[in-house]
């Protein structure tokens, strides 16, 4: 087992990474008599809910659970209310613990519930997708979507622990594994050139879910994110760099309807658009743009815009992005592979040119 610590100004919490952690009662920092509400969905529940309940009950916990509908389109206030109803009907108080058992959607919605129920209860994240293991479960971002924009309603709320059991990836559809690799590649592209080179050497093993390679990869991603979050917990500085490709990607997700493209798929194409724009601005070389494209393609990820979207469709969605300040678009771009920066008020004509470069052609 590996342990990565997230060091914040006022406290710290561990990220446990290993194989078989869910069935080990020692993984859970909960004592006899504690109340627990597990938030999950039917897809995850069929594999792991009974395992987690059994481990918690062995510790003497009183365990309830609530099932949310599965999918990005259910990352809504309605799903949030289902959690509140379950907590209230079960007479859960401020001393309860919410466990988010699932992927990014479950983690975000359950996390927001923990942040807001009775003004805050303890949260444990148990991410079961690669994307949530390397990204969304770490760092305290919680949110639900609005029909006009992704993650528009939420809070920063840190978990007390993250438990990453790599065995959960064995039941993950290949498309979901590939989507998670987009966030993995992002870390190398923005902050760690050596890790990017390592990914070029090992991407095929990651696609094949080689256990040792996978554990090293997840640990490195969590360490990179933990370091960034420690410096900038509420995204006022360096943490914005973690959004490479996300402004373009969120436009894709919102325009197509949540869930038609997976988040990682949209981020993959978004990274290519950001790289194309960086090259237009004279930052990154065309050779490095090509390296990024080849690595994403080897991970079976899209690198061009959906054929149902026109370049002009992007900007209205992008201008509602949370990073927009005073009506000016702010984008994460690349100086080089391994070095990102935030560009302020980039000309819309250049943004459109970059999107056109990543548009499908017959």
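Here the Cβ of each residue, glycine as well, is placed from N, Cα and C on the backbone.
Listed in Swiss-Prot for this protein:
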type	residues	note
BINDING	70-75, 104-108, 128-129, 141, 150, 168-171	NAD(+) binding site
BINDING	183, 246, 263	Zn(2+) binding site
Cβ-based isolation winner (fewest other Cβ atoms within 10 Å) among the binding-site residues 129, 168, 171: 171
Residue from 183, 246, 263 whose C-alpha is spatially nearest that of residue 73 (NAD(+) binding site), among the binding-site residues: 263
Environment of 183, 246, 263, the listed Zn(2+) site - residues of the same chain whose CB lies within 8 A of the CB centroid: 131, 135, 136, 182, 186, 245, 249, 264, 266, 267, 270
Proximal but sequence-remote residues of the same chain as residue 263 (Zn(2+) binding site) (Cβ under 8 Å, at least 6 apart): 72, 104, 131, 179, 249, 253
Least Cβ-crowded entry, counting other Cβ within 10 Å, from the binding-site residues listed as 73, 246: 73
Those binding-site residues listed as 70, 183, and which of them has the most Cβ atoms within 10 Å of its own Cβ: 183
Cα-Cα distance linking residue 183 (Zn(2+) binding site) and residue 168 (NAD(+) binding site), given in Å to the nearest integer: 18
